[in-house]
Amino acid sequence: MLLSAAQMQRVDATAVEQGINSFELMCSAGQAVADTAVELLQNRSGTFLVLAGPGNNGGDGAIAAQELAGRGYQVVVVRFLVEAEAGMASGNEAELRDADRAFAQWRGVTFAYTLQQEQVDQQLREMIDQSDVIIDALFGAGLKRPLQGLVAQLVEQVNMACAKVLAVDVPSGLNGNTHGVDGVCIKADTTVTFFLHKPAHFLYPGRELCGRKTLAQIGLSKAQLNPDWPLCVLNEPDFFLPALPVLGQEGHKFDRGHVLVRSGPLQSTGASRLSAQTALECGAGLVTLASSNEALSVNAAHLTAVMLKPCDNISQWQLILQDQRINTVIVGPGNGVDAATRGCSLAALQADKHCVLDADALSCWTNTSDREQLFEALLAARYTAILTPHTGEFERLFGELSDGNDQVQPRSRLHLACAAARLVKAVVVFKGADTVIAAPDGRSAINANAPPWLATAGAGDVLAGVIASLSAQGMSAFEAACAGVWMHGQAAMELGYPMSAEHLATRLPQVVHALSPVNKKGFGETELVKR
């Protein structure tokens, strides 16, 4: 589970309400920071510089400094104090009391600055340049405004230094609400956070700015979580494994679903074939490609187990959709941005099928009235549809979307995906280097295993195929999307660079095979007992 900055603040408050001492939590956090900082030295001696802000992060830094000094290391602390009119501290009196108590225990060298000072002086520059490890304990995930003045210059100086940098909670400058950076931000080698990770650790740019991520337990537990909070997770197999398809001994191919894919016209048939072939190879019992007559021979020349159906118009498409054995439909890959794609998308949504809308099925709604027609069909659909837009498609489809917090700018990809999913009552797979999967009930997942070489022509068509395949085999829309996105990234990781979409489609069955509970059941084994 991932916690927002506001949720983490609530966890801390609940812990105190339940009788847990907040200063003891700070001491545990500071010790974890010290442990992680020592690891950065890699068994060498060295000098630590702790940059401590005015709130809890600064207190964590002070405890870490005391712990490091107790282990015999040379430690210098620079404390940044805030005046009442500065507005950069949290203003939480209890938080400041804990931080002051932490500094009262520190007996080492301390240099104090106020955040209102205009620039970094020579003394501070020299301390930065002469340190082996810099601990960024300035501001945590609760920061809501850009770093300015002295602190902004300080961050730039740290980023130019040769020292290893350890960030506490999140790198200072990373906004825990928008998950973005407005201005400058610490570039950490390692980030240590506490209890549970936050979305900002896995969404860009935070994923890169955090460096290696370390999670420390400091005495908090699930007892401090609110069960009504919408679930946000890091998309990993442990999350979706229990929902993967399981085959029965007497099952047949229709038990594993029948996927229908709409082909593109003669000059653009490849995308839909990638989707169809992937759906079949990832476990769907049957796959049919609905193709125009002029493209039939081209498709037939490339396909064997995927079946073909002639389909030249919307009437023939609707007739194919009447087949009750077809339970999942893909519309969009290579289909064309036109009225025919709009009509086929609406017909699929109205046909009581599980639908995956991708590519042109997301780009063909060119005006407001068209989009309203799509949204109405999504809301009325019997089954939760799955939309798989990349950034451009998302902006065309949901360009005027509000995430419910007009004061948050720029808006987070996580916020936007969740808002879109709620708006149209569909699962939204907001594709990118940090793909977000959002469900209409508020659940969300952030994917973190996609390598940069996954950005290649046809990769999205393959993704539509694996998601549709899992949906056809009985997984819920959200779980099928999460599993499909992770498998997609894993297959690309295993292939390495360079890679084509065709290679990706042929690698995916091996990823499914490694995860599937089906391969652990011992089908076909018969035990003969002699008496």
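Using N, Cα and C of the backbone, Cβ positions are placed for all residues, glycine too.
The (6S)-NADPHX binding site annotation in TrEMBL covers 56-60, 140-146, Asp169, Ala271, Gly334, His390, Asp461. A helical conformation is recorded for Gly59 ((6S)-NADPHX binding site) in the three-state DSSP classification. Cβ neighbour count for Gly59 ((6S)-NADPHX binding site) (all protein chains, 10 Å cutoff from its Cβ): 29.
Annotated K(+) binding site per TrEMBL: Asn57, Asp136, Ser172, in sequence order. Taking the Cβ of Asn57 (K(+) binding site) as centre and 10 Å as the limit, one finds 31 other Cβ atoms among all the protein chains shown.
DSSP classifies Asp434 (AMP binding site) as coil under the three-state reduction. Packing around Asp434 (AMP binding site) is summarised by its Cβ count: 21 other Cβ atoms lie within 10 angstroms of its Cβ, all protein chains included. Under the heading AMP binding site, TrEMBL lists Lys431, Gly432, Ala433, Asp434, Thr435, Gly460.
Under the heading domain 'YjeF N-terminal', TrEMBL lists 8-226.
According to TrEMBL, the domain 'YjeF C-terminal' annotation covers 236-515.
The two recorded residues Lys431 (AMP binding site) and His390 ((6S)-NADPHX binding site) have their Cα atoms spaced 5 Å from each other. Per-residue pLDDT, averaged along the domain 'YjeF C-terminal' (236-515), amounts to 95 for this model. Here AMP is bound by Lys431, Gly432, Ala433, Asp434, Thr435, Gly460 per the record. The longest Cα to Cα distance in that group is 14 Å. Taking each of the binding-site residues His390, Lys431 in turn and counting other Cβ atoms within 10 Å of its Cβ gives the largest count for Lys431. Within 10 Å of Asp434 (AMP binding site), judged by CA to CA distance, lies none of the binding-site residues Asn56, Asn57, Gly59, Ser172, His390. Only His390, of the binding-site residues Gly59, Asp136, Ala141, Lys144, His390, have a C-alpha within 10 angstroms of the C-alpha of Gly432 (AMP binding site). Comparing Ala433 (AMP binding site) with Asn56 ((6S)-NADPHX binding site), their Cα atoms are 32 Å apart once rounded.
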